[in-house]
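Undergrad: Let me give you the structure first, and then I'll get to my questions.
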Amino acid sequence: MDLSMLRAKLHRLRVTEADLYYEGSITIDEELLDAAGLLPYEKVQVVNVNNGSRLETYTIPGEAGERTVCLNGPAARLAAPGDEVIVIAYAELTPSEAREHHPRVVHVDENNDVTKTRTLDVAKETDENLAPDGMEDVLIAEGPQS
């Protein structure tokens, strides 16, 4: 059985444009794609922090250095310029591959300039967050608890 694992994430990009009449996708500055290890035309999930919408599309490289983040086609209805979005790519991995996997997370500022890049260690996180009583598959989530 394969697991769907986080592969790369661009965290809190600021939408700069929305083009309803383009045929579809999300245009992202190619330097940002490179920073996260995302490829042109790779399938991604886009989560809008401002309104909670989620969509799947694919990436199109934008002009390097322009810091463009543009939702195209019908996706343009789900975000407006100024909205913050999280762009996520996943990989299908076997459990043994997943334990050796190192997802990349890129943080940006309000101008879509990279402020921090992290490479996560799945094996370390799994070992440190195992639930008691041998429940290896139950991880404790970080962040505020309700």
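The backbone N, Cα and C atoms fix where each Cβ goes, and this holds for glycine too.
What Swiss-Prot lists as active site, schiff-base intermediate with substrate is S25, and the listing cites sequence analysis. Annotated active site, proton donor per Swiss-Prot: Y58, in sequence order. Residues annotated as substrate binding site in Swiss-Prot, with sequence analysis given as evidence: T57, G73, P74, A75. Taken from Swiss-Prot, the feature pyruvic acid (Ser) applies to S25.
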Undergrad: Among S25, G73, P74, A75, these being the recorded positions, pick the one whose CA is nearest to that of Y58 (active site, proton donor).
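TA: With Cα distances computed to Y58 (active site, proton donor), the winner among S25, G73, P74, A75 is S25.
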Undergrad: In the same chain, outside T57, G73, P74, A75, whose C-beta lies within 8 angstroms of the Cβ mean position for the substrate site?
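TA: Apart from the listed residues, the neighbours are G24, S25, I26, L55, L71, N72, A76, R77, L78.
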Undergrad: Which chain-mates of T57 (substrate binding site) that are at least 6 residues away have a CB under 8 A from its CB, listed by sequence?
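TA: Listed in sequence order: G24, S25, I26, K43, V44, V46, L71, N72, A75.
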Undergrad: Taking every protein chain shown into account, which of the active-site residues S25, Y58 has the largest tally of Cβ atoms within 10 Å of its Cβ?
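TA: Checking each of S25, Y58, the winner is S25.
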Undergrad: Among all chains shown, work out which of the binding-site residues G73, P74 has the most CB atoms within 10 A of its CB.
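TA: That would be G73, with the most Cβ atoms nearby.
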Undergrad: What does DSSP assign P74 (substrate binding site), in three states?
TA: helix
Undergrad: Based on the record's binding annotation for substrate (T57, G73, P74, A75), what whole-number value in Å is the widest Cα to Cα distance?
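TA: Across T57, G73, P74, A75, the widest Cα separation comes out at 10 Å.
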Undergrad: Test of understanding: give the count of other CB atoms lying within 10 angstroms of the CB of A75 (substrate binding site).
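TA: Total other Cβ atoms inside 10 Å, all chains included: 22.
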